[in-house]
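This report refers to the structure that appears directly beneath it.
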Amino acid sequence: RLLCVLHLREARGLNTFSLRPHSGEAGDVDHLAVTFMAAENIAHGINLRKSPSMQYLYYLAQVGLCMSPLSNNFIFLDYHRNPFPTFFARGLSVSLSTDDPLQIHLTKEPLVEEYSVAAQVWKLSATDLCEIARNSVLHSGYPHQVKMHWVHTKYWKMGPEGNDIQKTNVPALRMRFRKDCHTEEVTLLQSGASAHANRLRERKPKD
């Protein structure tokens with residue numbers, strides 16, 4: 001219902017807001033299904049590790065996951081069990097964020113702390129860190145013009161077409177790899193759905 005209202009307001013040129021709730025940090029996995037249908041991106045999402053099918057949907061739709069491994073380590077999940085590196089390797093749209101920095105972080109730069117620890121523990125490369133930082137801009141509530149300035153004039157496109165290496169430092173090869181993998185998955189689903197539809201038509205009794 002909320003999503004319908006937001007779409008209606010957007011169509012009429014009225015102001016809207018982006019829904020970015022905490023989801024999948026604790027509680028039932030069903031909560032992730034609800035936020036999948038309504039949210040632009042979510043905070044945490046670690047419980048996607050418990051539902052491969054839901055994780056796959058988040059990948060296909062590229063719903064952003066703003067994850068806070070140090071916060072999770074403090075409250076819910078040991079750092080070495082955090083699914084962030086797995087999600088990142090699989091192509092989910094993940095970024096690093098802070099949560100309750102006054103309670104959890106030990107330095108004056110909580111976000112830098114998140115990046116530093118993740119880089120050391122999970123052996124993230126410079127390209128990995130730049131891709132994660134690029135994702136964070138896409139997940140943010142920055143205005144359209146700011147995202148164009150920091151990423152690309154067509155930042156919403158997948159692959160090299162939506163990335164300016166001079167701004168993001170993410171190589172075109174990495175962006176092409178992400179796009180090709182995603183395209184293959186979508187094509188596989190479409191071909192499977194088409195084949196299933198054809199089988200149903202063949203089984204339909206003729207008059």
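Note: Cβ is positioned from N, Cα and C throughout, glycine not excepted.
Automatic, uncurated: that is what TrEMBL annotation is.
Not measured: the values here are computed from a predicted model.
Taken straight from TrEMBL:
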- HIS44: active site, proton acceptor (ACT_SITE)
- HIS22, ASP99: Zn(2+) binding site (BINDING)
- GLU25, ASP100, PRO101, LEU102, GLN103: substrate binding site (BINDING)
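Within the group of recorded positions (HIS22, HIS44), the Cβ with the highest number of other Cβ atoms inside 10 Å belongs to HIS44. Under the DSSP three-state reduction, HIS22 (Zn(2+) binding site) is assigned to strand.
In terms of Cα distance, the recorded positions that sit within 10 Å of HIS22 (Zn(2+) binding site) are HIS44, chosen from HIS44, ASP100, PRO101, LEU102, GLN103. Every protein chain considered, the tally of other Cβ atoms within 10 Å of the Cβ of GLU25 (substrate binding site) stands at 20.
Using a 10 Å Cβ-Cβ cutoff, ASP99 (Zn(2+) binding site) registers 22 neighbours. Put simply, HIS44 (active site, proton acceptor) is 13 Å from ASP100 (substrate binding site) when counted between their Cα atoms. In the three-state DSSP classification, HIS44 (active site, proton acceptor) falls within a strand. Of all residue pairs in the substrate-binding list (GLU25, ASP100, PRO101, LEU102, GLN103), the one with the greatest Cα separation is 19 Å apart. Among the binding-site residues GLU25, PRO101, LEU102, GLN103, the ones whose Cα sits within 10 Å of the Cα of the residue listed as 'active site, proton acceptor' are GLU25, in sequence order.
PRO101 (substrate binding site) counts 19 other C-beta atoms within 10 Å of its own C-beta, drawing on all protein chains shown. Rounded to a whole number, the distance between the Cα atoms of GLU25 (substrate binding site) and ASP99 (Zn(2+) binding site) is 12 Å. According to DSSP, GLN103 (substrate binding site) sits within a helical segment.
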